[in-house]
Amino acid sequence: MTYHFTEEYDIIVIGAGHAGVEASLAASRMGCKVLLATINIEMLAFMPCNPSIGGSAKGIVVREVDALGGEMAKTIDKTYIQMKMLNTGKGPAVRALRAQADKELYSKEMRKTVENQENLTLRQTMIDEILVEDGKVVGVRTATHQEYAAKAVIVTTGTALRGEIIIGDLKYSSGPNHSLASINLADNLKELGLEIGRFKTGTPPRVKASSINYDVTEIQPGDEVPNHFSYTSRDEDYVKDQVPCWLTYTNGTSHEIIQNNLHRAPMFTGVVKGVGPRYCPSIEDKIVRFADKERHQLFLEPEGRNTEEVYVQGLSTSLPEDVQRDLVHSIKGLENAEMMRTGYAIEYDMVLPHQLRATLETKKISGLFTAGQTNGTSGYEEAAGQGIIAGINAALKIQGKPELILKRSDGYIGVMIDDLVTKGTIEPYRLLTSRAEYRLILRHDNADMRLTEMGREIGLVDDERWARFEIKKNQFDNEMKRLDSIKLKPVKETNAKVEEMGFKPLTDAVTAKEFLRRPEVSYQDVVAFIGPAAEDLDDKIIELIETEIKYEGYISKAMDQVAKMKRMEEKRIPANIDWDDIDSIATEARQKFKLINPETIGQASRISGVNPADISILMVYLEGKNRSISKTLQKSK
């Protein structure tokens, strides 16, 4: 077919949400010429749902994106109105940072970054078609019939693909926040042979701040102790003048209003057909599923410093507007609240992710990548994590360099992508700490130690950032060695000091590291015996040292498991394998292998429905094939 390309790019990214901006920034910073196309330029990196970044598991993803050289962490650190460390009373594996965002300022700040990025063109246009020749991407066609050439295309359309907003019995074509839906592109993806699913998400009503009675709600302040998402942010820039959130609850009257109107709820009348998120259900779904609960938490979250809009977190709904108004007014503190926006549900098309490789390239079409909600995930952070990986791998593919695949032991991003491509998802996927088997080594405090070197190798970590990282790493390594080299002996003077500090006396000589391993002993306690490090260590390095030492036994066991899985991941499965040629594997395993086409024994072992016996049979089969190939090669010599 003959195309009339008016412009040529290395990579075209369709959609400028949180996945799209990370993908386009990563690829352009790696030297590729990139076009970032969006239906509405005013909605770049917009937050159509909750005005926050981070949270359990998600906050760690933001730090991983930052460690790789992404932008989300830097932008939220410039635009937050509140910062809070979650789960501080629990172990280090589940601690995570969460920020309330000034959503308008966040979008503006990210747009400024995109507009000033070399090699990156931002354009408001609607892409209707991805152009493919001989199984390879060659470009795109817009709604205005312009054709742009590209060596790779990344689809990051969020909830816009055949999007439909639902409020009561009203249902109309729309993307998020009442933007245009992308209909023709949704049709095109089907025509290209991709399997498409239909998901649903929702958002709560927004109420006017000045109409809320805060006196009867519970204040939720931010942290005074400085914390940041980005490793480049400085404590002296930490915002002290933070905006609080407020806690209230549903009650018996609220539940009665919902129960009396279930016959008008799209969730229960059949109007909503898409599958909704398990871990962020609508309020009507919660009332039905958890009928024994007397109340549900609601957080009143300001959407910025210069707006009256307040997001009612926990009240996501698609009930009719009049019911929503009664529901809002039944809640303590919101009796006279003015509803500024109505809550709604949105249904949208998504690409079933078992069709993707771990690079986020589709198996069917070379050069076509997908990321974010297009792949069936929920959340800005999950989108950003996929976006940077898709952008990196699209650039590496074009440049003829080895691909980047994050393993489950590398980060939560690796866990998420492996879950998607290996297990698929039948509902909007949300990251949870429980999804990570190595969560003690995938912590909030060590994301830079895990991923900065990768970011440097692919060209996303600049010299200044790398120099700062090397200083931190050297300080950490040197102090760990020092603690392991200095001994505390059970002599009278030492034990007198130990007992004075309230600790059990020493019975044997121990290293400073072994002494610190005691649960009740802090790093500062150890320093009282051995003196400070040669260089001043900041609190974040001290926290990292304490965690690594106190949990060393558990971390060591996790690393042993990682080593075993690495051996499994190194055993490749040929792309052209004939699954029907393998005798004795279970029917379910054969079906799953055909569907997913795992690339390694490790990936095959994680497919649901595949048991250890199937893996053993597969390994015997591959070993037999390898011996057969070796014999053939020897005969031909």
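In case you wondered, yes, glycine gets a Cβ from its N, Cα and C as well.
According to Swiss-Prot:
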- GLY15, ALA16, GLY17, HIS18, ALA19, GLY20, ILE127, SER182, GLN373: FAD binding site (BINDING)
- 276-290: NAD(+) binding site (BINDING)
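Here the features listed in Swiss-Prot are painted onto the structure.
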residue : record              : contacts (Cβ under 8 Å, 6+ apart)
GLY15   : FAD binding site    : ALA37, THR38, ILE39, VAL155, THR156, THR157, GLY158, ALA160, GLY372, THR374
GLY17   : FAD binding site    : MET43, ALA45, PHE46, THR156, GLY158, GLY372, GLN373, TYR380, ALA383
ALA19   : FAD binding site    : THR156, GLY158, ALA371, GLY372, GLN373, THR374, ALA383, ALA384, GLN386, GLY387, ALA390
ILE127  : FAD binding site    : ILE12, ILE14, ALA37, VAL140, ARG141, THR142, ALA143, SER182, LEU185
GLY276  : NAD(+) binding site : PHE199, LYS200, THR201, GLY202, MET267, SER282, ASP285, ALA345, GLU427, PRO428
ARG278  : NAD(+) binding site : GLU427, PRO428, ARG430
LYS286  : NAD(+) binding site : LYS293, HIS296
VAL288  : NAD(+) binding site : LEU262, PHE268
PHE290  : NAD(+) binding site : HIS296
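Counting only same-chain residues six or more apart in sequence, the Cβ atoms lying under 8 angstroms from the Cβ of CYS280 (NAD(+) binding site) belong to THR201, SER316, SER378, PRO428, ARG430. The Cβ of GLN373 (FAD binding site) has 30 other Cβ atoms within 10 Å, all protein chains considered. The Cβ of GLU284 (NAD(+) binding site) has ILE258, LEU262, ALA265, MET267, PHE268, THR317, SER318, LEU319 as same-chain neighbours under 8 Å, each 6 or more residues away in sequence. Annotation note: ILE127 (FAD binding site) sits in a strand segment as assigned by DSSP. For the recorded site, SER282 (NAD(+) binding site), the DSSP three-state label reads coil. The secondary structure of VAL288 (NAD(+) binding site), as reduced to three states from DSSP, is helical.
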